[in-house]
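Asker: Provided herewith is a single structure, encoded as structure tokens, for subsequent inquiry.
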């Protein structure tokens, strides 16, 4: 979970509203409860019927056998960036097999196509050697200076592709440094036109492999029509699909807002963050496709409940109350509610009742997933208690101790399991076992979350209670200044992304659904903590993005 950046309360009853130490109220209130989308049910039905016709036409046009490799690479990338790939998974899978098996002809498509092929294959778990970039390097090993200004699209593709590096790939370190420097220079001089200029600016903030796919789709649909070789069929389908998926998201957000309002008003914990809209934005950044509706609902509801528990441990409960809350969670039985202080009893009862509802929703052959879910939730409470003990004792952990605990308190292992609970048959028992064991990839995803979070806290000058974050812990242990320690944590963050990349290409493909959840959660965190903000705790920082993604009418039909 995101850290609670306010001072601990020591009373045993909720604080009176109005103190400087409280979180700001929701910037949305009940807006999405009453919001009426401009798309009517009837027009939505017509759009859906039109979209189905267009999908059939795309299937006919998508002839992998007749396209050359460069054309296939471009077509697959276009489908993915337009948010259409989930409708053509089998066709894309066949195309990727051919793209991986066939080499590009010499200088086929230039740097742009070579880099695009490299990125696509690695993102889909297919190994590609960095040797493909040798043709664009000089004898001394550096990249050719001729790439500086005459191929901005190629430089951008190289920059994005290089962020699929695995640990130790010096060639891609050089590629990132080279391309970033040239792209910054191009932008500062205004040497590139729209839409490439916007795409460069976006990538310099967050490289494409780490950017949330739904936001990229929102931007790219508006940009795609300005490309000379754009496909009108794909553009129309992408616009329809975006509006239809948004309509589904708005229905889900309304349902979640109603659910959250009832929960938040029932448990009466005014010290806790009221952030369901931000949670749902986070959810869509992780999984936006229609088929993951149940997974989104499980994720958002659980995130909301664990956030209430997190804030209780962090900013309000006494240490004795923390022990009692942890103990009640371990027992997982409504009859144990009496061990809790009065103000926490409704939170406990509502948590258990919501988990019962989750189980009732699951199909009989998927109910085994609840055991993993409950254990993960219980483990969260154990680790929150450990943080509370450290804070109470003013304990200065070693960096290793802090890292080990924060992997679990990041919430990513538990939330990955909760998300997979809403998947279909592609989420196997082996996937639940794998995530529950917290393997290296889950650890790396958790560390991406924690390091982004702690870099934000350092820049904001705030931390959980008086608990040191990873920046402060690293600084003390290594005798560094704060900025030096922050730079070291940023380097560790980059390394963890590379571990995520490496695991995608090495892991058993039956685990790829779980792998993708971990990667997508890390992607969503890049947006939440962009430029050192904490847009979950400080919801106003996310308001413009929420407005654009869910409300702004930017797509003519």
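In case you wondered, yes, glycine gets a Cβ from its N, Cα and C as well.
Just lifted these from Swiss-Prot, have a look:
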- 310, 314: Mg(2+) 1 binding site (BINDING)
- 310, 314: Mg(2+) 2 binding site (BINDING)
- 310, 314, 450: substrate binding site (BINDING)
- 453, 457: Mg(2+) 3 binding site (BINDING)
- 310-314: motif 'DDXXD motif' (MOTIF)
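Map the listed features onto the structure and describe their local environment.
Answerer: Cβ neighbour count for residue 310 (Mg(2+) 1 binding site) (all protein chains, 10 Å cutoff from its Cβ): 24. DSSP assigns residue 310 (Mg(2+) 1 binding site) to a helical segment in the three-state reduction.
The secondary structure of residue 457 (Mg(2+) 3 binding site), as reduced to three states from DSSP, is helical.
Mean pLDDT, taken over the motif 'DDXXD motif' (310-314), works out to 95 on the 0 to 100 scale.
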Asker: Take the Cβ of residue 314 (Mg(2+) 1 binding site) and count every other Cβ within 10 Å, whichever protein chain it belongs to.
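Answerer: Here the count is 27.
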Asker: Provide the number of Cβ atoms within 10 Å of the Cβ of residue 453 (Mg(2+) 3 binding site), excluding the reference atom itself.
Answerer: 26
Asker: Looking only at DSSP and grouping its letters into three states, which state does residue 450 (substrate binding site) belong to?
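Answerer: The residue in question, residue 450 (substrate binding site), is helix (DSSP, three-state).
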Asker: Do me a favour and check the Cα-Cα span between residue 314 (Mg(2+) 1 binding site) and residue 457 (Mg(2+) 3 binding site); whole Å is fine.
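Answerer: Distance (Cα to Cα, whole Å): 15 Å.
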